[in-house]
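A.B. asks: I'd like to ask you about the structure that follows.
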Amino acid sequence: MIFDKEDFESFDPELWAAIHAEEIRQQQNIELIASENIVSKAVMAAQGSVLTNKYAEGYPGKRYYGGTEAVDVVENLAIDRAKELFGAKFVNVQPHSGSQANAAAYMALIQPGDTVLGMDLNAGGHLTHGASVNFSGKTYHFVPYGVNPQTELLDYEEILKIAKEVQPKLIVAGASAYSRLIDFAKFRQITDSVGAKLMVDMAHIAGLVATDAHPNPLPYADVVTTTTHKTLRGPRGGMILTNDEVLAKKINSAIFPGTQGGPLEHVIAAKAVAFKEALDPEFATYIEQVIKNTQAMADEFAKVEGLRLIAGGSDNHLLNLKVLDLGINGKEAQDLLDSVHITLNKEAIPDETLSPFKTSGVRIGAAAITSRGFKEAEARKVAQLVSNALVNHDNQEKLEEVRKAALELTHQFPL
């Protein structure tokens, strides 16, 4: 039985109220969190389908349960579409998340205690790239690399120097808060010079890679991991890609039975839908607009005294701002903007002096507002609203003006 809204509300009013409140929040808030997006009705329909009832441990054609003919078709569709989308020979669509994908990739590539290079959190790296509180930092010996202190860009010569000093078994390229292009060819040269493997986490830029708006890491990386949401605009989940048959077998074993049991076939179906959408030429137009909107916002922020664009701007879907010089930290900025219907997140910056719970900066992404229909004019308006709120963070009258303007903008572009 499939509940409609009225049935759901009647059956579980408390849960329905919470879901409805979130629906209203999404309708009324300008979403700038770089890792969030707005999926299609088709993606949601697939994820809410009867496939959620089916257990399917194993892989298509090699399951540990019967009755898997239909889910085999579903999973193979997702695999084949991902191969076409990214030019990969082998794809595993079963990871429940990006973190699960990274965990399995590490298991396939290295041994516990091995030395790994990963991007420092303050420079834009992810928890799974070696943070001491994360499984990655607890299981493997991660050595961080950062960015040039002056340019705040990846310093490939410095990364090479570190690699030669520590002789890693693996180098991880990719980030969760880096706004510039990543040169995967240079990373390949570095890994080859020390006899290491190269893993690329393209979770944030997968949508850009799919449309050639960012260089594809697959020709250079031994393994590529990603999420399927963010710029790819699919369901929350993970994926692993490689062109190496031997590694593909190790990856499959690392996912099942290594780190997961039954795959979420309803989510895999939603991934298949998202990949089909991403193969449509309209998706390339969408990504092009995402980049235009990001750059339009960057141009506006650059005009504001007291705000600093980290790395001088953006080549992708996100940008980072230092807000501390305005007399407000990242957490305070996040809470302040949330109160005026603008959602973003606090973010550490390369020269960070505050704790991860406060931070000196914020991260801003254009994927969700672009899905909503915003173009450059609206993106510039959004940047102006954010700037006005931050500059006037103690002025309730100005903040009320921002709140009303933000609501008006979301009403003009309903979900």
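In case you wondered, yes, glycine gets a Cβ from its N, Cα and C as well.
In case it's useful when we look at the structure, here is the feature table from Swiss-Prot:
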type	residues	note
BINDING	L121, G125, H126, L127, S355, P356, F357	(6S)-5,6,7,8-tetrahydrofolate binding site
MOD_RES	K230	N6-(pyridoxal phosphate)lysine
SITE	H229	site 'Plays an important role in substrate specificity'
A.B. asks: According to DSSP, does H229 (site 'Plays an important role in substrate specificity') fall in a helix, a strand, or coil?
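C.D. replies: SS state of H229 (site 'Plays an important role in substrate specificity') = coil.
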A.B. asks: Give me the Cα-Cα distance between H126 ((6S)-5,6,7,8-tetrahydrofolate binding site) and K230 (N6-(pyridoxal phosphate)lysine), rounded to a whole Å.
C.D. replies: 14
A.B. asks: Could you round the CA separation between G125 ((6S)-5,6,7,8-tetrahydrofolate binding site) and K230 (N6-(pyridoxal phosphate)lysine) to a whole angstrom and send it over?
C.D. replies: 16
A.B. asks: For the recorded positions H126, H229, K230, work out the Cβ neighbour count at 10 Å and name the residue with the minimum.
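C.D. replies: Among the recorded positions H126, H229, K230, the lowest count of other Cβ atoms within 10 Å belongs to H126.
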A.B. asks: Max Cα distance spanning L121, G125, H126, L127, S355, P356, F357 ((6S)-5,6,7,8-tetrahydrofolate binders), Å?
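C.D. replies: The widest Cα-Cα gap among those binding residues is 16 Å.
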A.B. asks: Within 10 Å of the Cβ of F357 ((6S)-5,6,7,8-tetrahydrofolate binding site), how many other Cβ atoms are there?
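C.D. replies: Neighbour count, Cβ to Cβ under the 10 Å cut-off: 9.
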A.B. asks: Ranked by the number of other Cβ atoms within 10 Å of their own Cβ, which of the binding-site residues G125, P356 ranks first?
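C.D. replies: The residue with the most neighbouring Cβ atoms within 10 Å is G125.
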A.B. asks: Sort the binding-site residues L121, L127, S355, P356, F357 by C-alpha distance from K230 (N6-(pyridoxal phosphate)lysine) and give me just the closest.
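C.D. replies: That would be L127, nearest by Cα distance.
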A.B. asks: Any idea what the Cα distance is from P356 ((6S)-5,6,7,8-tetrahydrofolate binding site) over to H229 (site 'Plays an important role in substrate specificity'), rounded to a whole Å?
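C.D. replies: Distance (Cα to Cα, whole Å): 24 Å.
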A.B. asks: To which of the binding-site residues L121, L127 does the lowest count of other Cβ atoms within 10 Å belong?
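C.D. replies: Least crowded of the binding-site residues L121, L127, by Cβ count within 10 Å, is L127.
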A.B. asks: Roughly how many angstrom lie between the C-alpha atoms of H229 (site 'Plays an important role in substrate specificity') and F357 ((6S)-5,6,7,8-tetrahydrofolate binding site)?
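C.D. replies: Given the Cα positions, H229 (site 'Plays an important role in substrate specificity') is 25 Å from F357 ((6S)-5,6,7,8-tetrahydrofolate binding site).
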A.B. asks: Return one of helix, strand or coil for S355 ((6S)-5,6,7,8-tetrahydrofolate binding site), based on DSSP.
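C.D. replies: DSSP assigns S355 ((6S)-5,6,7,8-tetrahydrofolate binding site) to coil.
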